[in-house]
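**Q** Here it is, the structure in full.
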């Protein structure tokens, strides 16, 4: 029993990381139908910039804020320089553009910073909290809490605010959105900035647990992408549930079956879900028109 | 048709840009994994060799000839490594190759070196690189098997006979995992639990919980490099293990203690080289001079701590410089190879090398030192 | 594309393959050439999948992995000749593609991307984890094809580089010829129809799932044969061949060159194979420049390099 709880704690921690990445995917996808494979690099940047600002003498909260703002600016830059000029390109071109952008960001990071692994202290110490024979680190609670907070924030944003509805309207039909007076260019800028900020926020939260280096983004982007597709692309609820489910699948497989094939099981589950529900768990249905 | 001609011309222009061999005296080729998943190995290796070449040339080179270094980054991709090896031999016309950060890239470079008769010193761990012995292939790191034996010997001395293993699925971790399983029986060690984790995994508590819940486990061994072992060490502390944790030489670097946290890493043991305890070596220790010179120069130039892997590159470079000096002819790969094979008693950071026609590794177990982390620092266990 | 165009494309390709060696200053260029041909072969397969049928795959390196490891394993364990192992790998890849393609190809866009991605990751995971069989992440040796020594006995001495340059060049020509034939066949036309609109294609009687599956299986076989050639040429193979980045690389080559045409695919393969070799002069800036090239080409030449260049030369603006 304590073993099961330990596996779930692990799964929720890792799953919350995936969920944070997946939530970042959601915003950009909602605004532009683009899946941004550079999303993992935002997480990496959040961690790396915080590390170097912190080591340069800034207090941790300030370093984190700086990292989130800087990454957000990079996200806006990515939109202006790479995504907007390629508007209307087919899916496969957009995948290559965002993967190309992620290579650029990685290449620049290893030049500006370094290729070493880094870490900064946990927010609330490293003493594990004991629950019914299992343990969880305070930092894990920060990560899980962070994922929930971002989810709630996005949900409120998309359903309760005019700007959020404008984002959804843009995704739904760009031309119609423009006709009713929505500044779709601004919506795109906002989405990339917000998404990058969320990614960097995730990086700040997880670095004390997972460590950060210039190349941690690729794996995160893949897992976050898988989580988002599992939940159904474009839906914050899907991103959260997809991320947490993926994390728990991995942890439970590692705990009960085989640690070698834990990722395999996760992907098999995703494939299985997509066969039954081609739009993911919470995805919107779409019909093709001629 | 016009466009087709342009295509051909563009291709030719691109190909032309590839050539341009250096004109300096001694042409030395290097292919390491300075980026990619094995950058943890290749980055310090590349930096070390660049630094040493610079030092040597400033000091007047070998017998008055400077070294012209051609260094390629294969990104850990064996296919690229083979292309670069071909390029080094055919186009850059080097007289010797150092590199091959991983076993995969080494095996790719190795066949080129063998075909063309160019001496090659590998920086990878697998025993299959020098067993069977190939005429032109040497290597500087201990084999993973030797690391396992060193660890198991220490366990035996502690009365430990039943252990759990948790290994990374990267090349380093998987290779050591396999070799440890092979030699465990020779040391009366029984492996009761055998878990793995992916190189980018964020949390290993499920695997460690399994090990903890296995009856009779007296110690945990974690072969791996990169962030994995640091996370394992933290998770072990989180779960409150009361049994000792052994790491591998893959994490032997001061940076590891920082990443894992001194508190979590307290009491952890691993087989390391003299590099980690440079400041604690006796002045009459045979490795004292070479180890302090390297660690101080590296720290001064790059503001980073040395690692075992950079040490492998250091030793490979020392070996090839020594061989070229003795060969007398810096143009003849065959003479350099012969001189390399005759290396005797060369003191490196990893150990003391003596090659022979039957032994192209030339290290013994005594090169490894068992180290323990005490108060955030490495201490030799005796 | 008319029949005349087909022969022009093939002729240009054949001429390039035959004449380029005249300009090679060293044996290293044969190696690069052979790599270009191998990459081009798998990319021609993707042209059929992406360019003809309009589907996407981020997991084709998985098929390359199957082809490569078939060549490594079958001679050792089944005593099969390496040349037959290439065929075995192709058959296994084809069957696998047929099995997984049936459910997967119902998905669209990013969902198809993640499903194929999952397949590729599964293959590379098996290759990495089944150490006893595959040697794990360290990889394994691949038996020699034996053809070069046979030629030597017949009095034709070739260096390893020259030999593989020829073999890969010839296989690429055959692959290109088959792909061009497919383009003009009824099946090829059906594929291109569903590329435009699946609903429209279905209304005029195209068996959409069947044509998609056909494109998927054919492209898988191309990737598999390319993987086999790579393994045989290198004499050593690691699971990297099935890795995600290899899949991305293949798709990028296809799109970069111009995904609609066989010649474009070859061009894309050539560019992306040459780039890392040329970029070594940038040392640590290599990654940065590589990423920039990918982004810039996609933005400014969205049709791919070859079609955009061709159009510019013809002075026509569509």
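Cβ atoms are placed via backbone N, Cα and C, with glycine included.
Here's the feature list from TrEMBL:
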| type | residues | note |
| --- | --- | --- |
| TRANSMEM | C:7-24 | transmembrane segment |
| TRANSMEM | C:30-51 | transmembrane segment |
| TRANSMEM | C:58-75 | transmembrane segment |
| TRANSMEM | C:81-100 | transmembrane segment |
| TRANSMEM | C:109-127 | transmembrane segment |
| TRANSMEM | C:163-183 | transmembrane segment |
| TRANSMEM | C:254-275 | transmembrane segment |
| TRANSMEM | C:287-306 | transmembrane segment |
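What does the local environment look like for each feature on the list?
**A** Distant neighbours of the transmembrane segment (C:7-24): 30, 33, 37, 162, 165, 169, 172-173, 176-177, 180, 261-263, 266; these residues of the same chain sit at least 6 beyond its ends, with a Cβ under 8 Å from one of its Cβ atoms.
Within the chain carrying the transmembrane segment (C:58-75), a Cβ under 8 angstroms from the stretch's Cβ atoms is held by residues 42, 45-46, 49, 81-82, 84-86, 88-90, 92-93, 96-97, 113-114, 116-124, 127, 133-134, 140-143, 219-221, 223-228, 230-232, 237, 239, 241-244, 246-251, all 6 or more beyond its ends.
Away from its own ends, the transmembrane segment (C:81-100) comes close to residues 63, 66-71, 73-75, 119, 142-147, 213, 216-217, 219-221, 223-225, 227-229, 232 of its chain (Cβ-Cβ under 8 Å, at least six residues beyond either end).
Residues of the same chain lying 6 or more positions beyond the ends of the transmembrane segment (C:254-275) and with a Cβ under 8 Å from any Cβ of it are 1, 9, 12-13, 32, 35-37, 39-40, 43-44, 46-47, 50-51, 172, 176, 179-180, 290, 293-294, 297-298, 303-308.
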**Q** Please indicate, using numbers and ranges, the residues of the same chain that are 6 or more beyond the transmembrane segment (C:163-183) and have a C-beta under 8 Å from a C-beta there.
**A** 1, 6, 9-10, 13-14, 17-18, 21, 30-31, 33-34, 37-38, 40-41, 44-45, 47-48, 52, 147-148, 151, 192, 218, 222, 225, 229, 233, 262, 266
**Q** Other than its close neighbours in sequence, what residues sit by the transmembrane segment (C:30-51), given a CB gap under 8 Å and a spacing of at least six beyond its ends?
**A** 17, 20-21, 24, 57, 60, 64, 159, 161-162, 164-165, 167-169, 171-172, 175-176, 179, 182, 191, 195, 215-216, 218-223, 225-227, 229-230, 233, 249-251, 253-255, 257, 259-262, 264-266, 268-270, 272-274, 277
